[in-house]
Amino acid sequence: MKSILWHNLKLCAHGDPNDTIADAAIAVNGDGTIAWTGRASDVPAGYVHWPREDLRGAWVTPGLVDCHTHLVYGGQRADEFAQRLAGASYEEIAQRGGGIVSTVRATRDASEAALFEQACARLRPLLAEGVTAIEIKSGYGLELASERRMLRVARQLGERFPVSVYTTFLGAHALPPEYAGRADEYIDEVCERMLPALADEGLVDAVDVFCERIGFTLAQSERVFEAAARRGLPVKMHAEQLSNGGGSALAARYRALSADHLEYLDAAGVAAMRASGTTAVLLPGAYYFIRETKLPPIDLLRRHGVPIALATDHNPGTSPLTSLLLTMNMGCTVFKLTVQEALLGVTRHAAAALGASDRHGSLAPGRQADFAVWPVSTLAELAYWFGRPLCERVVKGGVTVFTRDAR
């Protein structure tokens, strides 16, 4: 590609709507990295005569980052939605053989090609909203062959689509039916066979565990973290979603990239996360969809300076959501985040939750030129509108990969 000077734009380079430039320009090198950003009046002489692209006064933000998804799976769980409307809880449905395990059955039965095609349909609307990086977890196979198939599909999505895909091995997502009553033995399988094999195949960027009374204990979760550490892999945790089990403090002890959900997080967990630099990933779509009533401790997170990220948590059972903009709206309306917190939560802080701050979440010299173009008057509109397509253009590595006539 050729070097380009993008101009006539309003720039929010670091995901903070309180830190912007009204008349800005972005110089992008031929290799797709950013050469310079700043005021249009300050363009260095070396870039002034580069070919230009006029963005007609639109806002530019870093490409959005969806840092927690379960995008690859078989089937759907609309029947459970009806059960919840009739009064059944998430835990009750799981105890009846529904929940995660029902998706495990559908995923095990699906071919790799079928999983790929279904995942493509879920990914496309996210890309059209300006998402340029996404995390995709396994965890609906719960045995080696199916977990491998899920992670292979995630890698294929990154090859087919203009999006950076970060894979997370979530073998410790639920107890498979064949291991009923033998959770410790299943953790043996996860740590001694599944993780080593998948890591050796280059399919794993990070390791996650569902630490909850319907998931795995602290001791079992720690075994998974130890196995990840032996492989030099970063960890993250589904923690404190349904109860306060101390998972966030354990995650912090292992310097986890993130602890996610966190409705029942307490002050000790918040302090531990602050000390370890662990990002709090909040998932308002799941909170809304399962009609949770316990809010995450937003004020505690703010007071301790814990970075807050937002993600869709796309999954078939508790958050069949394919809109990061709607997630921003929910973060503001349900969790009472500010627009500033919401936008940082899907850019800079979301990148930190993936351990990818050097590549995503901010527009600075040397980083990938991944950005989204928004023909709006104020960045608050990104969280204000819902159900309305706002993104006019997506640029990935300096190349336009999506356009919509939004004016």
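Each Cβ is built from the backbone N, Cα and C atoms, and glycine gets one as well.
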Residue from Y47, Y140 that Swiss-Prot also lists as binding 4-imidazolone-5-propanoate with R77, H173, Q241, T318: Y140
Zn(2+) site partner of H68, H70, H238 (as recorded in Swiss-Prot), chosen from D313, D358, D370, D405: D313
For N315 (N-formimidoyl-L-glutamate binding site), the three-state class that DSSP assigns: strand
Binding-site residues listed as H68, H70, R77, H173, H238, least Cβ neighbours within 10 Å: R77
Check: same-chain CB within 8 A of N-formimidoyl-L-glutamate site center, minus Y140, N315, G317: H70, Y73, R77, I100, T103, G139, P316, T318
Residue among binding-site residues N315, T318 with least C-beta crowding, 10 angstrom cut-off: N315
DSSP state at H238 (Fe(3+) binding site), helix/strand/coil: strand
CB-centroid shell, 8 A cutoff, Fe(3+) site H68, H70, H238, D313, site residues removed: T69, K137, D260, H261, L283, A286, A311, H314, N315, S319
Cα separation, H173 (4-imidazolone-5-propanoate binding site) to N315 (N-formimidoyl-L-glutamate binding site) (Å, whole number): 13
